[in-house]
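Under the heading region 'Disordered', Swiss-Prot lists 1-103, 170-191, 502-567. As annotated by Swiss-Prot, ATP binding site applies to 221, 222, 223, 224, 225, 226, 227, 228, 229, 244, with the evidence given as sequence analysis. Here Swiss-Prot flags 342 as active site, proton acceptor. Among the features that Swiss-Prot reports, compositional bias 'Polar residues' is placed at 555-567.
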């Protein structure tokens, strides 16, 4: 064989070995699926035999010279370009160019990459994937903008205490409140905290009716200023609830804020024995629906109407019970930093305690921390909470003018809790049998001057004065809800308890005085014993033994006989 043919054969073998080294080095970096397709390239003599054994899918030549082909040409050296086979050898897969890093895989340079992977690589490049060390794992990559948008859809309750509001969505520093997101975006204007609400929070689209699915409507039990109340049985637990449906759709911004305002008040008040319990709320068919506790005794207004028809009235003892229980509810509301501003008979509900089949053990009632838990009849504040506002940042909406305090009409909000006391005093007067209260006119002003309406029944002087003091023209002179809860007029047992407490404190003081005198006497006796003569007895009586030193100048006994001594 001549020299030219030998040189040509050696050159061809060198080219093949060079391709084999490149394919081996890249095979270690490629994914497992690319390792199978990128096998070592045989020499040209064995090309037909290897192709007969395995023929992978081929990309048409037009696709090879399409997307990404110019990048491959730029990365190849001039020597590699000379060794690249021509169009006639497109059946043999070429080795793709080595990627810049392990994390980047140029799918378009491999003729065996499906088009679906090519499209996914283009789409995924526009999204921000979560880091490997992230604690929150997602099945699908979610853009960062979506997470900010979902956080911004969380309403902030305006009645939530400021210290708690800063923490309730910032657990471990991972979540941000809606206000923080708004401050982070300088393009958005400042929005009042909690208002307006995001529209999508109040709408449920493409969903079955939750009201019809979860509840069985029994009857309509009331109609208020803001909605209609229905008695319903929940299909899951079989318990009875009061479901309130807003009268007007919440599509408008003002109606939407009003509906959310009532939900906010219900949610923050929580659970108290003298406040109707709130369970949940949702939007359905553009109406707000609130699930509350059901009170089987109806409203106080219904009971007053029945008494008026029958010519009866609540006795004074019952009136004191109503006043005391509602005062406890108002005390809880005022301590929560809010005022009701719509106290009236239609917003007070009655709950009769259900009798159990088994008798109640007396010890169980005695061990209760609160006396009202054993009461047979409970009075609770409920109704429309659309007028509830904050004491520190009031946004007052006037309630029923018949029970409205004059200072609210004059926009004097320095003593907002006392406006609830004024309305409660008139409510008890109506329950006592007073005629219907005027909405305006001379009689309206006469009551605001501190005069109770005419009450047909005779009340005790102390109770009458208490009611009169509750509607005092000066709100600062009215008692507080906490003061009413401690009133001796409403709780006569407190007087006896206070007397016993005073006697106990007096006896404790006497005992403490005696103990102090005893300690002083003991301290004075101890130094006297230390400085006394050791040879002299310190006690006049002979019961105390004396100490006598042995030896030295002490007298020694001269008789050791056991018999009788001689005279």
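Glycine residues also receive a Cβ, built from the backbone N, Cα and C atoms like all the rest.
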Ask   = Looking at the binding-site residues 221, 223, 229, which sits with the largest number of other Cβ atoms within 10 Å of its Cβ?
value = 229
Max pairwise CA distance, angstrom, over record-listed ATP binders 221, 222, 223, 224, 225, 226, 227, 228, 229, 244 = 14
Inquiry  = If I take the alpha carbons of residue 223 (ATP binding site) and the residue listed as 'active site, proton acceptor', what is the distance between them in whole Å?
reply    = 16
Ask   = What three-state secondary structure does DSSP assign to residue 229 (ATP binding site)?
value = strand
Query = What other residues of this chain sit with their CB within 8 A of the center of the CB atoms of 221, 222, 223, 224, 225, 226, 227, 228, 229, 244, the recorded ATP site?
reply = 245, 247, 384
Note = Taking only the CA atoms, the spacing between residue 342 (active site, proton acceptor) and residue 225 (ATP binding site), expressed in whole angstrom, is 11
Note = recorded positions considered: 225, 342; fewest surrounding Cβ atoms within 10 Å belongs to 225
Request  = Can you see whether DSSP assigns residue 342 (active site, proton acceptor) to helix, strand or coil?
outcome  = coil
Remark   = Filtered by Cβ under 8 Å and at least 6 apart in sequence, the residues in the chain of residue 227 (ATP binding site) near it are 244, 245, 246, 247, 288, 290, 384
Request  = Using DSSP reduced to three states, classify residue 223 (ATP binding site) as helix, strand or coil.
outcome  = strand
